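The annotation domain 'Ammonium transporter AmtB-like' is assigned in TrEMBL to 24-441. For 24-46, 53-75, 117-136, 143-164, 176-200, 212-232, 244-263, 275-293, 299-320, 332-354, 390-415, the entry in TrEMBL reads transmembrane segment.
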Amino acid sequence: MAYLPRNLQPDDANPPWMNKADNAWQLTSATLVGLQSVPGLVILYGSIVKKKWALNSALMALYAFAAVLVCWVGWGYQLAFGDTLVPFLGKPDIHALDQKFLMSQAFIGKYPNASMVYFQFVFAAITLILIAGALLGRMNFIAWMLFVPLWLTFSYTVGAFSIWCPQGWLFRMGVIDYSGGFVIHLSSGVAGFTAAYWVGPRAPRDRERFPPNNILLMLAGAGILWMGWTGFNGGDPYVASLDASLAVLNTHVCAAASLLTWLMLDILFYEKPSVIGATQGMITGLVCITPAAGVVQGWAAILMGLLSGCIPWFSMMFLHKKMWLLKQVDDTMAVFHTHAVAGTLGAILAGVLANPRLSRIFYMVDDWPKYIGFAYGIQSGRSRAGVRQLWVQLIGIGFVFVWNVISTSVICLLIRMVVPLRMTEEEVSEGDNAVHGEEAYALWGDGEKFDNSRLQLVHEIEEPPLSKSGYGL
């Protein structure tokens, strides 16, 4: 220790087991993911919907972020990453609020539990916010306030424990989910679609014509979402490593390839390059690479981008108009296509294209018949291991799909017994002003009284006196 520079010598604030660089990167990664939600998806949702739903959509995201954090430190983290209660769930307790626990070493990585709790929270939060995307424009806000903690507790934690916790049954089987293709994207896509079925569709007028109120602002939110994915996938090795660097590069390469593919298909079939389409293509690329980001080579990331720009595009633009079930459910932001379809695609491709050497670097395991992509199994003469990996991926997809359909349906039916899942017809017709007493673009000035907000009553806002010119003094 005496030979270490002063700033590297351990002390009470820097115990010998902690790596300062890893801890700094983990906190940075977590904050990047948090920024994807607030303000990223808050801006994206608030600007991509009709003007009358801008505030409601943004507030659904903002509320979910806050509610998940309180539930996460209260009981959620231990359910998802605590001691085993059953093979798919941990024991609930309040360790995540205990100083001794928070300042001790995390179950993996060279940093404290406080960093791990924070890092895992932002993933849980964004999952609920993605679900909100399927429900914009008609869900009762009180019902949403109940849905968030219930779904986090009884659905998200089950997937997280099963797939990410070392004691989870799918983790032990060797499922590859680098950063949430199963736990976040497939879950949110299926849960959002299921919840949208129970809540019901938007008003016919809204469903037929739902123009964004600010496409430029939507692009700002999308940009934050894209850049934030650096932390989304780059933080999941739990160390500032070679694998983290590869994951970050693969993430952006796949997103770019997917965006360009989607754009080309829009031009080819509809003769116009769509800004909203380009955004959807960006999202499907980011989602597709997520379960495989650090275990595939660069050429595989491009291939995944090409496929994620084609297959979700086809399911959204063609299958959605042909399949009876898809036509019946009003999924406002097409979360099923951008997250469930793209997440499933990424999960399967991870089982096909996972490079054994990269998998060893990420999982830090010996050379055993797990984490070998099907293509590499065939190439190396270990076809049985490759087939097994693909089978494990399919089992994981099936489990997440079935569990989310069942758990989300039960939660919605329980909430419906307490409060309506859907807004009143008046609220659906009028929008933000009826629901919140506020409007996103209500301007105060030019002699027009800003009387739409309850803030005026609470803070006793008065109209400014007018000068002779007619403008406020």
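We count from 1, first residue shown onward.
Note that Cβ sites are derived from N, Cα and C of the backbone, with glycine treated the same way.
From a predicted model like this one, the values you see are computed outputs, not experimental measurements.
Counting Cβ pairs closer than 8 Å and at least 6 residues apart in sequence, the transmembrane segment (244-263) and the transmembrane segment (299-320) reach three or more and so form a contact. Just going by CB pairs under 8 A, the stretch in 24-46, 117-136, 212-232, 275-293, 332-354 that sits most against the transmembrane segment (53-75) is 117-136. Here the transmembrane segment (332-354) has long-range neighbours at 45, 48-49, 130-131, 133-137, 176-178, 181-182, 184-186, 188-190, 192-193, 196, 202, 210, 280, 283-285, 287-292, 295-297, 300, 303-304, 307-308, 311-312, 315-316, 320, 326, 371-376, 389-390, 392-394, 396-397, meaning same-chain residues at least 6 beyond its ends whose C-beta is under 8 angstroms from one of its own.
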